[in-house]
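*Asks:* Have a look at the structure that comes next, please.
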Amino acid sequence: MTNLSLDASPPRTRSSLWLNALSARFGQQSRTLRRALKTVAIVVGLLLMALVVTVPLDLYAQCFFALACFAAMLVIRKIPGRISVLALVTLSLLASLRYMYWRLTSTLDFDNWLDSLLGYGLIVAEFYTLIVIVLGYVQTAWPLHRKPVIMPSDSSQWPTVDVFIPSYNEALSIVKLTIFAAQSIDWPRDKLRVYVLDDGRREDFREFCEQIGVGYLTRENNYHAKAGNLNEALKSTDGEYIAMFDADHVPTRSFLQVAMGWFLKDSKLAMLQTPHFFFSPDPFEKNLDTFRSVPNEGELFYGLLQDGNDLWNATFFCGSCAVLRRSSLLEIGGVATETVTEDAHTALKLNRAGYNTAYLAIPQAAGLATESLSRHVAQRIRWARGMAQIFRTDNPLLGKGLSIGQRLCYANSMLHFFYGLPRLVFLTAPLAYLLFGAEVMHASALMITAYVLPHLAHASLTNSRIQGRFRHSFWNEVYEAVLAWYIMGPVLMALINPKFGGFNVTDKGGVVEEKFFDWTLARPYIVLLTLNAVVFTLGIYSLYQLGLEQRCDHPDHHHQHGLDDLQHHHHQRRDCGGQRDPPGAH
């Protein structure tokens with residue numbers, strides 16, 4: 001028996017080796033086959049989409065196609081899960097791409113230079129909107145929803161952390177809350193050090209920090225503003241990690257327990273961001289009485305966009321409520337100083353260097369929102385100008401070190417702040433037609449409706465499904481419409497000259513108690529609304545005059561577009577006898 005077993009052993013060994021090799025080869029071929037099939041499926045899908053997008057349809061066929069897609073969307077919207085979201089995105093892309101293809105091939109036949117100028121301006125604004133819609137789907141269709149990693153039970157394995165609290169002009173009464181909260185963070189006392197970085201060089205801050213045993217750091221100048229302040233502090237500290245909080249952001253005790261686990265799990269993780277949560281209303285929320293009842297401007301970013309960015313390893317550093325690995329930060333030269341949005345630029349540099357970034361959608365600090373509309377607008381202007389500076393000087397679509405997903409996420413976040421000019425184009429397009437008779441779109445009203453309604457409806461309802469509780473479509477339009485005028489100039493100037501302008505500090509130090517109206521900031525919109533109201537009224541009057549003209553049944557009647565119709569209508573009325581028909585005459 002023993003001999004038989006020994007004699008039979010080699011064949012079984014050779015057989016198992018042969019089977020293992022065959023299985024490995026088959027598995028490799030199977031993976032190759034799956035990749036090939038996936039590639040073929042993608043190519044076929046794109047070809048089919050191109051066919052559907054470009055096939056010419058008459059009015060009735062287009063209406064039938066649009067209604068069929070809309071009915072499918074209504075059914076799919078009721079189905080939970082991410083697959084249904086991807087199906088909605090596909091339908092939305094079909095509708096939007098069909099609209100844009102139709103616009104480019106059928107509506108740009110202009111008769112004069114004014115129509116051409118305004119018409120091409122409108123199509124560029126629409127093309128920008130389409131790009132933002134497509135990139136937005138890439139960014140948000142499948143958020144990661146990262147969960148915290150539990151810290152090791154042995155606290156001796158925990159790293160040292162320096163807490164930086166940069167301040168410039170905030171009142172000590174505001175900063176005290178943040179300092180006390182930072183001291184109370186649940187972390188070994190010998191591994192946690194808190195520093196106030198005072199760019200205001202204030203004696204009362206120094207004395208207070210000495211009294212409570214907190215590090216106080218300052219410098220002789222304010223070169224590079226907040227980024228320079230942080231970089232100077234890096235030279236005087238040595239913690240393995242750095243937690244950063246704005247002067248008004250009060251951290252919870254659990255902040256480091258929640259955030260630090262991922263750094264121990266991922267040695268390539270350079271930055272982890274948590275949400276900015278505000279316990280006071282911003283000017284919009286106060287004046288419109290929407291605080292806590294309607295998602296504010298930032299909830300879409302911290303509730304969904306950052307989670308979507310995290311899927312592509314493209315999480316933004318937001319300057320506060322975050323932890324950074326010191327060694328990684330020093331490798332890229334510290335906090336970026338080339339632009340006024342040093343936080344986002346720093347994250348981009350970390351990703352270019354091959355490091356990972358992460359986002360945990362768990363609020364671990366609370367801060368103050370801007371108190372006045374002027375400060376709110378100034379803060380958004382800085383963000384918009386900084387993003388335009390990055391796009392101009394360190395474009396994520398160019399250069400090395402980024403994946404396709406990272407490039408698209410960064411590009412979309414930067415392109416978002418270019419919305420000022422396109423939005424003003426949309427707000428003033430009716431004026432171009434009614435004031436100057438400019439035909440910016442050469443197509444019948446029915447054809448425009450048949451193409452534009454599916455485009456708008458699918459985009460709106462698909463985004464509503466994706467964004468859910470993080471965004472209210474109407475109030476978002478209000479936010480962006482108000483800011484459009486003010487961010488347009490700084491963005492364009494930053495594209496032309498990235499070094500133009502300086503760093504403006506967002507002054508926060510209180511809570512909005514009363515409603516107020518800023519007439520200075522509202523002036524451009526009062527003018528725009530007045531113009532639209534007047535021209536709309538004149539347009540209605542023009543239609544009324546056209547009705548009188550048709551009653552005359554003049555054989556030589558012809559219709560001219562815009563407000564030029566009014567003079568034409570008066571001539572026609574004189575042809576009818578110079579008097580308006582009395583009521584009931586017909």
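Just so you know, glycine gets a Cβ as well, placed from its N, Cα and C.
All TrEMBL annotations are machine predictions without curation.
So TrEMBL says this about it:
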type	residues	note
TRANSMEM	35-53	transmembrane segment
TRANSMEM	59-76	transmembrane segment
TRANSMEM	83-102	transmembrane segment
TRANSMEM	117-138	transmembrane segment
DOMAIN	163-332	domain 'Glycosyltransferase 2-like'
TRANSMEM	417-434	transmembrane segment
TRANSMEM	440-457	transmembrane segment
TRANSMEM	478-496	transmembrane segment
TRANSMEM	525-544	transmembrane segment
REGION	557-586	region 'Disordered'
COMPBIAS	557-567	compositional bias 'Basic and acidic residues'
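For each listed feature, how buried is it and what is near it?
*Replies:* Using a Cβ-Cβ cut-off under 8 Å and counting only residues 6 or more beyond its ends in the same chain, the transmembrane segment (35-53) has close neighbours at 90, 93-94, 97-98, 101.
With a threshold of 8 Å between CB atoms, the same-chain residues lying at least 6 positions outside the transmembrane segment (59-76) that come near it are 84, 87-88, 91, 94-95, 446-447, 450-451, 453-454, 457-458, 461-462.
Remote same-chain residues near the transmembrane segment (117-138) are listed as 89, 92-93, 96-97, 100, 103-104, 107-108, 110, 405, 408-409, 411-412, 415-416, 418-419, 421-422, 425-426, 429, 432, 438-442, 459, 462-463, 466 (criterion: CB distance under 8 Å, separation of at least six residues from the stretch ends).
Taken as a whole, the domain 'Glycosyltransferase 2-like' (163-332) shows an average pLDDT of 94 in this prediction.
Only residues 6 or more beyond the boundaries of the transmembrane segment (417-434), in the same chain, are considered here, and those with a CB under 8 A from a CB of the stretch are 118, 121-122, 124-126, 128-129, 132, 383-384, 387-388, 440, 480-481, 483-488, 491-492, 528, 531-532, 535-536, 538-539, 542, 561-563.
Listed by sequence, the residues of this chain that lie at least six past the ends of the transmembrane segment (440-457) yet keep a Cβ under 8 A from its Cβ atoms are 59, 62-63, 66, 69-70, 95-96, 98-100, 102-103, 106-110, 115, 118-119, 121-122, 429, 432-433.
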*Asks:* Using a Cβ cut-off of under 8 Å, list the residues of the same chain at least 6 residues beyond the transmembrane segment (83-102) that approach it.
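*Replies:* Distal contacts: 49, 52-54, 66, 69, 72-73, 76-77, 126-127, 130, 133-134, 137, 141-142, 451-452, 454-455, 457-459, 461-462, 465-466.
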*Asks:* In the same chain, which residue numbers or ranges, 6 or more beyond the ends of the transmembrane segment (478-496), come under 8 angstroms Cβ to Cβ?
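*Replies:* 284, 288, 297, 377, 380-381, 384-389, 391-392, 417-421, 423-424, 427, 521, 524-525.
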